[in-house]
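Over in TrEMBL, the protein carries these features:
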type: COMPBIAS; residues: 99-111; note: compositional bias 'Basic and acidic residues'
type: COMPBIAS; residues: 119-135; note: compositional bias 'Low complexity'
type: DOMAIN; residues: 201-315; note: domain 'Phosphatidic acid phosphatase type 2/haloperoxidase'
type: REGION; residues: 90-151; note: region 'Disordered'
type: TRANSMEM; residues: 182-210; note: transmembrane segment
type: TRANSMEM; residues: 269-290; note: transmembrane segment
type: TRANSMEM; residues: 297-318; note: transmembrane segment
type: TRANSMEM; residues: 330-349; note: transmembrane segment
type: TRANSMEM; residues: 361-379; note: transmembrane segment
type: TRANSMEM; residues: 399-418; note: transmembrane segment
type: TRANSMEM; residues: 457-477; note: transmembrane segment
Amino acid sequence: MEKSNRLIELFDYLQDPHLVARFQRFCGVRGTFSGTVCAAGTAASTSSTSSGSSKDAARAHSLNNGVCHQHITAENESENLIGAGEGEKVQTAAGVRKRTADAKVKNHGEESENPPRNGATMPAAAAGGETTGAGSEVTPGRSTLKPLRKNSLTGDTGQEFLIENRFLYYLFTFGTELGNEFFYIVFFPLVIWLVDAFVGRRLIIVWVWVMYLGQCTKDVIGWARPASPPVVKVEMFYNSEYSMPSTHAMSGTAIPFSLFYMTSGRWEYPFLLGFSLALCWCLVVCVSRIYMGMHSVLDVIVGFLYSVLILILFLPVLDLIDGFNLTCRYAPLMIVSLHLGLGLFSFNLDTWSTSRGDTAQILGTGAGVALASHVNHLLGLMPDPTPDQLPLIMPALNARLVAVALLRLILGVLVLVATRALMKALTIPLVCRVFGVPCTDVRKARQHMEVELPYRYIVYGTVGFNVLFLVPLLFSYDQLS
């Protein structure tokens, strides 16, 4: 009994948003919001997060950036509400919660026409407590910044904050980018086109399964992001998704260690160097999620351990999966059916959010790459090196090698960008017409499962196919192989 109580205490401690806030202050991040925190809201958030019994409350808490507001009058509640995406109402256990971009907030029974806005610090007397920010003055060495990118679901830009350690800010910004879409778009083609297609296609298989399981687990558990305040939201882009586990931590663990696992006996390089780089990559990504205020310490730890468990179970059968994709006669049908079925399952786990589109995008990319690997094998394109050619040795850098690599990268990226734009322009109107969904507002139309799933699946399936088939084929015709 005593051990279980200690475990619960540790669990609560690692989930506590104040632990994240303390780490942020240690790293030189200061919020400019009022120090007054709505105790009732925080308690409700903690209760719903710990028990997982109120996904609606967690969603509302997440959509509202975890903010606890002052007392809101009944007349304010009747105003237009901004909810999940396009004007939908967000319900909580206590009723309707709204964003306060234009809300009139009452403090101590008096109505204020100008509530605190981005970066504004309330006086301690008005707020009923101390301010956690540094006031309106910015001392030398400090920078006042806005969160990274606005929330992709709500358009919320977040609140300004102060940075006292620029090195850590840029380091963890780089770390969090290692788990974002732009990194994947550049990194995987780079590995396939310039390093080793064998490693690249297998790395994408691992990435698809790790990210899919992570996103589905998030929607099943349904825990909200850490509350703000006390946490400072240095990033806003994924703030509308659920929190447990951290999929950034999962991909930041799976990609570098899978890359190390696949190349350690295939390429010649010092073992210690490869392991050290993989470990540093993992640590920077995991810690960056706490620094950004996107995850609790528990979210990151669980994400890391979850990813390790998946790798332990998955890497031993990777040869079997890749061999099936390459050689099985029915592989194309099985690949398309499996990825579509997984997408349909994930889309039924929760209401619309950015995680659903990301999941369909991941599955579409994985399906496209798997189909391309099967076609390459049938046509005898991009054959894998034979065992007697291993281990591979990095060629010496020279001007010609660098020029060819840059030309391949530029040409390949242009093809992918054109493919994505063309397929997007064709797919969205077509799917909307087939299912009778108005497409005048594309953002709203994509909230429908029957639009979002085929749109993402087809567009990014085509992009994934071109990464491994069309672009390398162009390289061979242009003598850039």
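Cβ atoms are placed via backbone N, Cα and C, with glycine included.
Remember, TrEMBL labels are computer predictions, not curated facts.
Remote same-chain residues near the transmembrane segment (269-290) are listed as 20, 23-24, 171-176, 178-179, 246, 248-249, 251-253, 255-257, 259-260, 263, 296-297, 299-300, 303-304, 394 (criterion: CB distance under 8 Å, separation of at least six residues from the stretch ends). Within the chain, the transmembrane segment (182-210) has long-range Cβ neighbours (under 8 A, six or more residues past its boundaries) at 250-251, 254-255, 258-259, 262-263, 266-267, 307, 310-311, 314-315, 318, 321-322, 325, 362-363, 365-366, 369-370, 373, 382, 384-385, 392, 405, 408-409, 412-413, 416, 464, 467-468, 471-472, 475. Of the candidate ranges 297-318, 330-349, 361-379, 399-418, 361-379 contributes the most Cβ pairs within a distance under 8 Å of the transmembrane segment (457-477).
Most Cβ pairs under 8 Å to the transmembrane segment (361-379), among the stretches 297-318, 330-349, 399-418, belong to 330-349.
Across the domain 'Phosphatidic acid phosphatase type 2/haloperoxidase' (201-315), the DSSP tally of helix, strand and coil residues reads 78 helix, 2 strand, 35 coil.
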